[in-house]
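Some notes on the structure that comes next.
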Amino acid sequence: MLNPKFVRNNPELVKTKLQTRKVDPAEVDEYLQLDQQNRDAITKVEGLKKQKNQLTEQIGQSDPQSEAGQALIQQVKQLNGDIKSTEAAQTEVNDRLHYLAIRFPNLPADDVPVGPDEDSNVEMRKHGDIPTFDFKPKAHWELGESLGILDFDRAAKVAGARFVYYKDAGALLERAVYSFMLDLHTQKQGYHEIIPPYLVNAQTMYGTGQFPKFKEDVYTVESSGMTLIPTAEVPLTNYYANEILSEDQLPTYFTAMTPCYRSEAGSAGRDTRGLIRMHQFHKVEMVKYCKPENSYDELEKLTDNAEEVLRELGLAYHVIKLSTGDTGFSSAKTYDVEVWMPEQGVYREISSCSNCLDFQARRAMIRYRKADGTVDYVHTLNGSGLAVGRTVAAILENYQQADGTVKIPKVLQPYMHGMTEIK
């Protein structure tokens, strides 16, 4: 949620920035008008209540049966009616104001490229050599099926499209990948490992910005209203919801490996085969809480934490800065890390690292007390470290051999019981 005081004091800047994120400036004008009406109503109610209190004191000092006393009583009754009608009108205004406020995305940072979609994203850097093959590389799903480690057909039989069974060395590889990631984040990068709930309530989904805008993208259990998490960002960011931290608790880093559940409502026809776009998948998530003045430095570190996983795995990648039209709802600035996929001959997203500033903290009421005693909102950041299934896909494609076998990256071999290849 945006800082209402900032919106109030910088209306043209806010309209310009939100317009780059496909928000009609007229909605900002409506918000500002309602905000003024709401504050005027609050002031009016306070004034009416003050008058009522003064009259009530006068009634207590007079004869209520006298003409003057009766007049005072009638004035109080009139004030009660005015207070009730003003509060009712204010409630209506406030409801619409809140409706707009929770649907405004975050304001993009000044250095975010302006553009309507992914075509306006900017490449920041590349790392690693793109592998060359003296044979036509196969897609990861072909390799997985021929090696007997991925079974999409039987998964479709029991759950439908966009599900998979991992088998034998495939299951071991998946487990090895996320175990390696968690060890790197916790043992080297300073993260605390969390195993969070995989079902959360609606308020928690609201806190990180998934609700109300993206309800169609998730799975909700109708009997309870609980939602299967689309990412561990949701429970990790809400860990400190409605709390005031001490300054010495910042920064705090959390990581978790969880299943993630997504309906992929807007993805019909895209990535219909393989591990790239699933309804259920594992992901290692990184979440940071920090002081406002440090959040952009923390974003650079967070992105490097994700990149380090790929460097250790020996996978080529590049980093792009997302444009205003491609940046996520809650984010002010996002880097996507994309890994090279040989069969398609393109880079594909494997991590998205975002600085949300105080946007999520305002929704989830996460604050900290400064040394001088004042209270401010923390800044929150999140990033994939990494999407596990996509990492498995990248390993299968980049480490495949001409005979259809797949070599295992050295850093994963200790997690694979010493296995050096899948055959």
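Every residue gets a Cβ built from N, Cα and C, even glycine.
The following features are taken from Swiss-Prot:
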BINDING   THR231, ALA232, GLU233, GLU285, SER384  L-serine binding site
BINDING   ARG262, SER263, GLU264, GLU349, ILE350, SER351, SER352  ATP binding site
The largest Cα to Cα distance in Å among the residues ARG262, SER263, GLU264, GLU349, ILE350, SER351, SER352, listed in the record as binding ATP, is 19
Among THR231, ALA232, GLU233, GLU285, SER384, the record's L-serine-binding residues, the widest C-alpha separation in angstrom comes to 9
Here the Cα-Cα span from SER263 (ATP binding site) to THR231 (L-serine binding site), rounded to a whole number of angstrom, reaches 12
Comparing local Cβ density (other Cβ atoms within 10 Å) for the binding-site residues GLU233, GLU264, GLU349 points to GLU233
Around the Cβ of SER352 (ATP binding site), other Cβ atoms within 10 Å, all chains included, total 23
By Cα geometry, the one of the binding-site residues (THR231, ALA232, GLU233, GLU285) nearest ARG262 (ATP binding site) is THR231
Spatial hits near GLU285 (L-serine binding site) (Cα distance within 10 Å) out of the binding-site residues GLU264, GLU349, ILE350, SER351 come to SER351
Here the binding-site residues are THR231, ALA232, GLU233, SER384, and the Cα closest to that of SER351 (ATP binding site) is found at SER384
Candidates THR231, ALA232, GLU233, SER384 (binding-site residues) passing the 10 Å Cα cutoff around ILE350 (ATP binding site) are SER384
